[in-house]
Amino acid sequence: MRFRQLLPLFGALFALYIIWGSTYFVIRIGVESWPPLMMAGVRFLAAGILLLAFLLLRGHKLPPLRPLLNAALIGLLLLAVGNGMVTVAEHQNVPSGIAAVVVATVPLFTLCFSRLFGIKTRKLEWVGIAIGLAGIIMLNSGGNLSGNPWGAILILIGSISWAFGSVYGSRITLPVGMMAGAIEMLAAGVVLMIASMIAGEKLTALPSLSGFLAVGYLALFGSIIAINAYMYLIRNVSPALATSYAYVNPVVAVLLGTGLGGETLSKIEWLALGVIVFAVVLVTLGKYLFPAKPVVAPVIQDASSE
């Protein structure tokens, strides 16, 4: 029974670790033939429309106004700002691996916001995050950190927005189930398309086949599947656990680079992979391996009863 209860958790984490880890590489392919804000907007609009149509055909109804607006706000924070900044940065020639490294700061910001919101955090989570960040540094110590610094700043801003949205999203009422993801993607898509028009983005030529395939992959797998998995996590587990994917994503990005891009890894970088996986185990399984001890409140007798 215990294993069956954990299946949704493991499935959601797998979607985030593997699918989102590959999106950095796919975004880089897409922005070669799409303007960045436009590509992100098309991605989320397509995903949101498809998911909403599916839900409405299945008999689901639109949520009340308050949860709907809450979901739109979370979509703005997580997708329009969080993911949009990554897309713009990669268009500015920030390497996908560097993008993944900067996004790895999300769990650190998440724990900080968690403390501000009064959410209890475990010492083991802090230890896991510290080890994970150390692994990220090791992973890139032998690489070429020649990415655009302004692009890195954009990703950092997106990471802060994503972390705040993750914590805030766990404290407010959101639509039930996949309806939350549909509204968030629609809202983000609209905002990104407006931003694209304001920025004066235009298609100078028809995107290539790889560009269309990249948007399709990002819409279906990177948005509909992975984002709904993420929303499941932030509603059901601690924010630190929900953002632990940030440790695995750089690993997946590096493996894609070695497998498809002809890159090589040094010994210290391979060692870093093991350190990062260990950190993920601490963050994701620590609450089950080392559950918090229940606090027994002392019994205080009422003086009037004596």
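Just so it is clear, glycine is given a Cβ too, placed from its N, Cα and C backbone atoms.
Leu6 and Ala89 carry different topological domain names in Swiss-Prot and therefore face opposite sides of the membrane. Comparison of 7-27, 37-57, 68-88, 94-114, 207-227 by number of C-beta pairs under 8 angstroms to the transmembrane segment (149-169) places 68-88 first. With Cβ pairs under 8 Å as the measure, the transmembrane segment (174-194) is packed most heavily against 68-88, out of 7-27, 68-88, 94-114.
Recorded stretches compared: 7-27, 37-57, 68-88, 240-260; the one with the most Cβ pairs under 8 Å to the transmembrane segment (207-227) is 37-57. In summary, the transmembrane segment (240-260) does not lie against the transmembrane segment (68-88): fewer than three C-beta pairs, each 6 or more positions apart in sequence, are under 8 Å. Within its own chain, the topological domain 'Cytoplasmic' (170-173) is flanked in space by residues 66-67, 70, 74, 117, 119, 234-235, 239, 242, which lie at least six positions past its ends and keep a Cβ under 8 Å from the stretch. Tertiary proximity for the topological domain 'Periplasmic' (28-36) is limited to same-chain residues at least six positions away from its ends with a CB under 8 Å from its CB atoms, namely 42, 84, 87-88, 90-91, 96, 196, 199, 201-203, 205, 207-208, 210-211, 214-215, 218.
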